[in-house]
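Step one of this worksheet: look at the structure below.
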Amino acid sequence: MLPRRPLAWPAWLLRGAPGAAGSWGRPVGPLARRGCCSAPGTPEVPLTRERYPVRRLPFSTVSKQDLAAFERIVPGGVVTDPEALQAPNVDWLRTLRGCSKVLLRPRTSEEVSHILRHCHERNLAVNPQGGNTGMVGGSVPVFDEIILSTARMNRVLSFHSVSGILVCQAGCVLEELSRYVEERDFIMPLDLGAKGSCHIGGNVATNAGGLRFLRYGSLHGTVLGLEVVLADGTVLDCLTSLRKDNTGYDLKQLFIGSEGTLGIITTVSILCPPKPRAVNVAFLGCPGFAEVLQTFSTCKGMLGEILSAFEFMDAVCMQLVGRHLHLASPVQESPFYVLIETSGSNAGHDAEKLGHFLEHALGSGLVTDGTMATDQRKVKMLWALRERITEALSRDGYVYKYDLSLPVERLYDIVTDLRARLGPHAKHVVGYGHLGDGNLHLNVTAEAFSPSLLAALEPHVYEWTAGQQGSVSAEHGVGFRKRDVLGYSKPPGALQLMQQLKALLDPKGILNPYKTLPSQA
C-alpha cells in the first residue's frame, strides 16, 4: 500500500549487497567501463566486416608519414598500441568491432582542425568517438578508420550563474557536468543511464533524449550554439550564447543528431534549467498496460507543471534487474511498473499534490501498490531500478535492441506481438521506456547471436513500426545498425536531401563513413 507517513525504507530492498552502496551506487557493469574492454574469458567480438555485408570504401591507409604528422599535431596523443586499441574498437553492446590501428587524442579545436585537414588531403577516414556508450554502432570504426577521441577535450569554458548558460568542450562527461552545474544550483537539461561515461559532444551529435525529455525537451531546443570542425579542417563558429538569434539559417541544427557525419562537434553552449528545490519519486505497480496509460493521463491532469518524468517497465524487466543486479522491487509483484518524478520549488506543495494523486490512483484501481521517496538517497534507489535495466539485459545474453517512437496507445503492442512471433526462440522479450514522449525500448535477449532470430525480427519490427506511422529510432540515433532502414521513417525525397547535404559538407565522405545514411539513397 502507499505510505501515508514518512517512508521507512525496507531492509529487504537492499538485499544482495555487501552494503547498500555496493548494490545501489554508480553502476559497476559495462557502462562504467569506457569502451567496454573485454573481461578475462570473454569471447572475442567478431569483426564487423565479417559479420555484416559491408565493403570498404577506397580510402587511404595510415602510413608512417601520417603517424609522424599526427605526432607533430598532437604530441603524446597518438595511440598505436594494439592492446590499448582493443576497447575503442568495440561497441558497448560487444557486437561490433573495427580494426583501427591508430587513435588520436586532441585537446583543442585547433588540433582537431589540423587533424582533419591532414586527413582530408590524404583521403583518410575518421571515426569520431566520445564515451563509446552508443547503442547503434555509430562510435566505433567499421574497418580501419582513424579514431578521433574527444576524451581530453574536457574543460568547462564558462558558466553564467544568472542565465544558466554553460559553455564546455565536447569531451566533458555528462555526470561531471551535472555535478558542476548542480553545485551552482542548476541542472543539465538531459539525464541518461550512461551519464558516468558519455560525453556531451556525443549526446549532441546523437540528439540524445533521456530521462528529462518530458520536462525540458530535446537538445534541438536547449543547445544554444556549437563549434564544429568540418571535414576539410574548417572551424565553423556557431558558438552563440544567445537564447534568441533570428539571423539567417540556424546552422547548428544540422549537426545536432548528425552523428559526426557532417562535422566534429568540439564545443557546446547549452542552457541549464534551475535546480529544483524539491524532487519526489513514486514507484508504482499497475495491473495492465491500459492502467499504465490511464495513470499517465491522470498524472498529467493532477500534477501538471511539476511532472518531470514518467517511465514504465514490464514485469520481465524487474525480474532481470533482480536476477542479474540483485535489486529488489519495493512494491508487490505487478505486470507493469511506473516511475513518476516531480520537480518543483515548494516541497510542501509538491508533496501534497503527489499525495493526492497517489491516493486517487490507488482508490480507482489504476495502481495496486506503490511507494514514494523524497530524500536524495532513496530517490536514487528508485531511479536505479529504471536506469540499470540496460545493464541487466547485457548480462542476460546477446541483446537485440530497438529504440522506437510510437503512438502512446500502441506502445506495448509490439512486445506482445513479438512474444507470440518468436516463442521459445527468444530468451526474453521486454519493453520499457519513456511513456511521456512515446519512446519504447524494445529488447530481445538470446543465449548467442542467431541469424535466424535476427531474420524473424528484421524487417518485421521496422515494418510494424512504419505501419503505426512511428520512427525506427526515437533517441539512440542511426549509426551503423540502422542506416539501411531509414526508409521506414523518411520519404525518398528527404533521404536524397540528406545525401546532398553530406556531399556538400564532406565531399570525400571521410567523416564517420558507413554510418547514418543509407548506402544507396
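Just so you know, glycine gets a Cβ as well, placed from its N, Cα and C.
Summarising the annotation, Swiss-Prot assigns (R)-lactate binding site to Arg386, His476. In the three-state DSSP scheme, Arg386 ((R)-lactate binding site) falls into the helix class. Taking a C-beta cut-off of under 8 Å and a sequence gap of six or more, Arg386 ((R)-lactate binding site) has these contacts in its own chain: Leu211, Glu311, Met313, Leu339, Tyr432.
On its own chain, Lys401 ((R)-2-hydroxyglutarate binding site) has Leu93, Met135, His441, Leu442, Asn443, His476 as residues at least 6 apart in sequence with a Cβ closer than 8 Å to its own Cβ. As annotated by Swiss-Prot, (R)-2-hydroxyglutarate binding site applies to Arg386, Thr390, Lys401, Asn443, His476.
Swiss-Prot lists Arg386, Thr390, Lys401, His476 with the feature (R)-malate binding site, giving experimental evidence as the kind of evidence.
Neighbour count (other Cβ atoms within 10 Å of the Cβ, all protein chains): 24 for His434 (Zn(2+) binding site). DSSP assigns His434 (Zn(2+) binding site) to a strand in the three-state reduction. The Zn(2+) binding site annotation in Swiss-Prot covers His434, His441, Glu475.
According to Swiss-Prot, the feature domain 'FAD-binding PCMH-type' maps to 96-275, an assignment based on sequence analysis.
Per Swiss-Prot, the feature N6-succinyllysine maps to Lys101. Under DSSP, Lys101 (N6-succinyllysine) is assigned to coil, being neither helix nor strand in the three-state scheme. Over all protein chains present, the Cβ of Lys101 (N6-succinyllysine) has 18 other Cβ atoms lying within 10 Å.
The feature transit peptide is assigned by Swiss-Prot to 1-13, with sequence analysis given as support.
The domain 'FAD-binding PCMH-type' (96-275) scores a mean pLDDT of 97 in the predicted structure. Those residues of the chain, other than His434, His441, Glu475, with a C-beta within 8 angstroms of the mean position of the Zn(2+) site C-beta atoms are Gly209, Gly210, Asp403, Gly433, Asp437, Asn439, Leu440, Ala474, His476. Classification of Glu475 (Zn(2+) binding site) by DSSP places it in coil, neither helical nor stranded. Remark: of the binding-site residues Thr390, Asn443, the most isolated position is Thr390 (fewest other Cβ atoms within 10 Å of its Cβ). You'll find the Cα of His434 (Zn(2+) binding site) roughly 14 Å from the Cα of Thr390 ((R)-2-hydroxyglutarate binding site). Residue density at Glu475 (Zn(2+) binding site): 23 other Cβ atoms are found within 10 A of its Cβ, drawing on all protein chains shown.
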